[in-house]
Amino acid sequence: MGLPEEPAVERRTSNSDEERDENRLAQFGYKQELKRDWGLAHNFGVSFSIISVITGITTLFSYGLNTGGPAVMSIGWIVVSFFTLLVAIAMAEIVSAIPTSGGPYFWAAMLAPPRWSPFAAWLTGWFNLLGQVAVTTGISFGLANLIPTAIVVKNPDFVPTPRVTVGIFAAILISHGVVNTFGVRILRYLNNLSIVLHSAGITAICIAVLVKAPKHQPASFVFGRFNDGTGVDGGDGWSIRASPAYIALCGSLLSQYTLTGFDASAHLSEETKKASWSAPIGVVSSVGFSAIFGFFVLMAFLFSIQDFEGTLDSVYGQPVLQILVDVCGEDGALVLFSLIMICVWHCGLFSMTSNSRMMFAFARDGGIHPFFHKVDHRFRSPVRAIWLAATLSFILSLPSLGSSVAFAAATSIATIGLYISYGLPILIGVVCHQSFKAMKGPFDLKGFSRPIALAAVVWIAFITVVFCLPTANPVTSETLNYTVVAVGILAVGSVGSWVFWARRWFTGPAADVAEAMRLGVDVTEPGALEEREEMERKGGEKAGTKEVSS
């Protein structure tokens, strides 16, 4: 007779957690529309899958070898991981206070002074949207390049054209859109599978490569071999025209692009249980584990290079595939490379999941057309936002039809766009720290809050400049780093549109909600906001009276 009572207690606890999450969301002025059935492991898994160290390392390995070589790749990974973890910790504190699907743009609106709140939300939202779209493009377009590369192994006469690659890319986007539309109930299970593939699967690949390698490079090669392949058509590279330090800075793109996209834990907070705790832990842990795991993956590949020049100028055009072929033969390499491509597919899938949630929330607050703020009640997914994400990613890939540097530009745009959107609310939190203190959730850095946030902002400002620099010499119309053009257009466009028309109608998240958050009151409690504002007004009057009398 005592056994049935235990499930009843569990249900009350579960309902209590669910009610707290829904009440917290209601304090931000929103009702629960998305299905909240994700736990901490799932929340972590999405960011871990989107970071997907095997995706970034594989797709940019050639870039890394040419822009600094093994020394920059290995040491750069350690340096970038440290500063990225600071960014993640600073973000986690804000996520804990404001766990909504809007993520960075909503944080900026809540943290900024009332006068600047709409503009902060508008600017941050558009940078986050650009970064999200570029990340999805970079991941899935990277896979679209890997597939024909694998085909070449057994079919040397096959020559993939840009049109073929774009066609494969379109098919990949459609597969991601279909799963996100109709398979929202199985996303959790695909997430679990993705975690296993990205951890156990990739670990098995690395161990196999290390064990099968006929020889291993010495540590002096992995941590000391510098290579400058930035010269075009036999010309001098940037290490001669500028300095090796210039190459090292540009080469850090491999590490920084790979450790990107962890805001997914925030965008999925409205679908996560105990979001004020699970979402910030998801942000920090995904970066921490990815930094450690990614270093292991990078070391496995670098130590297993058999012939540096042969790997650099691989007949397949893909150095990771060349390493696998040199170590395991063509058949074994294709098996391992197929597992890598499956991981990349999962990475793109969850990137679109995160992207669509951001667009859904931005449309909810008027940042983009409200047509995209629609949840399909049958599938409990933002279907319109999903296909908007797919369409914009496809459009961003079209320059690759006529430019050989389009993919590298997409990775830079993704990195800069996302990190600027991370940095703006962190910076606002530093400047308006007293308001932020009233909002803080259970993940509270206390005295370390401002120093960590300031270090994160400085790092983001630094990489924003670095990744706009040209990486090929001489600089021509074909080798120009178009990142600065794309980011510049977005910056001018978002600010210009705000000045000329958006400021007249875009209010961002509800002003009452923002004010209640700053004052530390529950907006769902009748009269609480008005009472607190009256207290603040009277306090201000008393302070003014004292100044006059003195």
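Quick reminder: no glycine exception, Cβ is built from N, Cα and C everywhere.
The compositional bias 'Basic and acidic residues' annotation in TrEMBL covers 8-21, 534-550. The annotation region 'Disordered' is assigned in TrEMBL to 1-21, 525-550. If you look up TrEMBL, you'll see 44-63, 75-99, 119-143, 164-187, 193-211, 281-305, 333-352, 383-401, 407-431, 452-473, 479-501 marked as transmembrane segment.
Contact between the transmembrane segment (44-63) and the transmembrane segment (452-473) is absent: fewer than three CB pairs lie under 8 Å, with pairs separated by 6 or more positions in sequence.
Taking every recorded stretch in 164-187, 193-211, 407-431, 452-473, 479-501 and counting its Cβ pairs under 8 Å to the transmembrane segment (383-401), the highest total belongs to 164-187.
Segment contact is absent for the transmembrane segment (164-187) and the transmembrane segment (193-211), given fewer than three CB pairs below 8 angstroms at sequence separation of 6 or more. Here the transmembrane segment (119-143) has long-range neighbours at 50, 52, 55, 58-59, 102-109, 111-112, 165, 169, 172-173, 176, 257, 260-261, 263, 341, 344-345, 347-348, 351-352, 354-355, 358-359, 362, 365, 367-368, 389, 392-393, 396-397, 400, 407, 410-411, 413-421, 424-425, 428, 486-487, 490, 493-495, 498, 502-503, 506, 508-509, meaning same-chain residues at least 6 beyond its ends whose C-beta is under 8 angstroms from one of its own. Here the transmembrane segment (407-431) does not touch the transmembrane segment (281-305). Their Cβ atoms form fewer than 3 pairs under 8 Å, with each pair 6 or more residues apart. Long-range contacts of the transmembrane segment (333-352) within the same chain, counting only residues at least 6 positions beyond its ends with a Cβ under 8 Å from a Cβ of the stretch, are 46, 49-50, 52, 54-55, 58-59, 132, 135-136, 139-140, 142-143, 146-147, 150, 153-154, 172-173, 175-177, 179-180, 187, 190-191, 193-194, 197-198, 201-202, 205, 208-209, 261, 264, 320-321, 324-325, 327, 386, 389-390, 393. For the transmembrane segment (452-473), the most Cβ-contacting stretch among 75-99, 281-305, 479-501 is 75-99 (pairs under 8 Å). Long-range contacts of the transmembrane segment (479-501) within its own chain (CB-CB distance under 8 A, at least 6 residues past either end) are made by residues 119, 122-123, 126-127, 130, 232, 399, 403, 405-406, 408-409, 412-413, 416-417, 420, 464, 467-473.
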